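**Student:** My structure is below; once you've seen it, I'll send some questions.
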Amino acid sequence: MRLLHYNETSDLVWTEFSTASIPQYAILSHTWGVGEVSFEDLLNNRAKGKAGYRKILFCGEQAARDHLQYFWIDTCCIDKRNSHELSKAINSMFRWYQNAVKCYVFLPDVSTPSIAANPIFEITGIPLDALDGRPLNQFGVDERMTWAAKRRTTEEEDEAYCLLGIFGVFIPLIYGEGQRNAMIRLEEEIRRHSKYSASSEEPTSKAWGKTPDQYPQNQPKDKSEIDIKPLDDLNILVLGETGAGKSTFINALANYVKFETMADAMNANNLTWLAPCSFSTPIMNTSSQHGLIEERFIHVDHGSDKNGGYSGASVTQITVVYPITVSSGSGTYTTRLFDTPGIGDTRGVEYDKRNMANIIQTVGRYDKIHGILILLKSNSARLTTAFQYCIKELLSYLPRVAASNIIFGFTHTRSSNYTLGDTFGPLNRLLGDIPNSGLSLSKEKTYSFDSESFRFLAAARKGVWLAYPAEYERSWKHSQNEALRMLNYLGKIRPHNTQSTSIFNRARGYQQGLVKPLKEIFQVIANNFDFCESKKADLSERREKYHTLRKVSPIQKTELETERLDEPRTVCTDRRCVDFDDSGKQTRIIYKTHCHSPCYLENVASDMMAPPQLASCPAFDSSGKCKKCSHHWQVHMHIMYELNERVVFVKDLQVEMEIERVTNEMQLIKAAISNISLLIEEYSQERDTMRLAATNLSLFLRRNSIIRYNDITTAYLDSSIKDEARVIQEGGCDRKLLILKEDLEQHTKHIQFLNASMNDNAGSDDLSEAGVESLMQELYGLKHFGRNLRLVFK
């Protein structure tokens, strides 16, 4: 939502907010007049010179008084050049008004203040309790329709579109379809979402204040008036390759059932059409001297649901449902035609997948489909890769139970004298190669159409008169008969329950969606396994280091222990008779020469060099020399102890600290290995659960599909890649080539996964439609990967 506010320099600027972050804001209600300020005016600083600028000032000043920074005005907060933004804004507008903190009403013709509710009630008839906030769904459909009976809008379609919020419904915006068609589509959507029934006293169109003859597209000699009956309906899904002419066919069909003859359609006030379309036709310029032939382009409106000219792309970009009323012997009934994007979009298969997803989503809004009409051009004489791809791609999205509702229509059959043409042979061979498909090209399953009569009508409205009108009359008669034959057949057969198609395609999407999560979980398990192995290697390394450290600690060491002697001992202190021990904190002298042990001299001081009494020791001769060591007695002394060697084990503090660290590391690694092993086991169990789910989904699809998958996609992409490579050689951009190669890679991976799933013998072939969602709920409940799976699929 784009909101206005004043910045720090008091300039009027926008700020865009996502839905979740929209701040409090005020909103303006007003009537559009001359000189309104547009989005482009504000963008180009042209706002202040326009009459509508005073509305902006009024709203901004009042919001400031109400302490609101932001405000919204429809004239300049929507970029109406952007059809997508305009459509989104119109569908969201009621909610934006409803969520505003303040709503200001700009009444230029009211000079005195008044309470707004009473004049609104008097003008519109909207009850005061509705204006005071009573839920709108508590008011009847007819009553709410009357609230807009006096509404006048600039665009006629807006008389219907302005009611979207009041009824809480959404429909695509198709400006150019006219007020009548817009109201019919609105009524259809209201009927689907409400409890409104045909037993109401007045039809919706009367409650709205307009009877059928008051619609601006009033036509003479109509085959029927619009009288929609909720239970009398016929839903036809129109599928086909790009360029088959689906939109033109739908417009032609609307004319066939509305008018008896082409002349009646020509005499009508306006061209009857539903789906925007365009075509070109060669016209001879009679004013030219040489009679030059010119190409004239005929446009039957281009709305936001059309591509607008992208070469090779599907013209219809979203699925649009067009209701028409058909007369029958017992009255009238509504036929809904589902105009769909074409298959075979040259921008790549990803666009085809998006288009088919849009088609399935739209079909899922309805309970039943009576017919699935596959439109084909009648001049495809060869079973080309593109032709096979389009047919098989369409069939791959349809469940087997829908086969009985599939019919084939051939367009442009005037050139083949209204027969099935050259396409019949290739199509018949293709269908014959699909085992047990339930598809055939019998009379009741095939119809030849030609929409040239509608082109004639559309060209005539533009002042372009095509030659040979009798040929177009013939085209009209044949195609009208074929159309009525088709409607009669589809009205007799049992309709297809769209729930089966929705569930089938959800299962298809689930199966395809599991490819990436399974690949990721395999990678996660592999990564954790590698991590676990690396931790085991770390643990082995730590154990080896631990044992190495244990070998060096404690350290074996020899110590000298002092032992007291019972009797004195005479020892020599000469350096040649002693050793020194440096292992302790102090150097110790070891007296290794015991000259007299024990020595019984009395009164000799111990540990004293050469005491006089020692000279009398028997160890010395008469000259005073030691008999044992030959040293003089004066280098001797008495000691009362001796030093004995002892082996001890001493712990190295640093080594012990390293051992403790390594021990702690080993404990942590063991815990990590245990946790990782448990995680790998749990991951593996979830992987197996997901693989089993994928297998069961594959078996479900095999049992319920017309074809398992489009086996022509690889060849189709290869052909497209070669074509694009030639374009690049001639100077084209390589972006499309890269997209096609990526599509091929993804498709190849999907087929590999699909075949692997089909070959897994662990699966069960009894998965039911109801079991598909139960299976996914089980996956969503997985401890580790359930949340991610829910995000992927939801």
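Numbering starts at 1 and runs along the chain as it is shown here.
Each residue, glycine too, has its Cβ placed from N, Cα and C.
Straight from TrEMBL, here's the annotation block:
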{"type": "DOMAIN", "residues": "25-108", "note": "domain 'Heterokaryon incompatibility'"}
{"type": "DOMAIN", "residues": "565-642", "note": "domain 'DUF8206'"}
{"type": "REGION", "residues": "195-225", "note": "region 'Disordered'"}
**Student:** Provide the three-state DSSP residue tally for the domain 'Heterokaryon incompatibility' (25-108): helix first, then strand, then coil.
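**Tutor:** For the domain 'Heterokaryon incompatibility' (25-108), the helix, strand and coil counts are 42 helix, 12 strand, 30 coil.
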**Student:** Quick check on the domain 'DUF8206' (565-642): DSSP residue counts for helix, strand, coil, in that order please.
**Tutor:** 11 helix, 31 strand, 36 coil
**Student:** Calculate the per-residue pLDDT averaged over the domain 'Heterokaryon incompatibility' (25-108) and state the result as an integer.
**Tutor:** 87
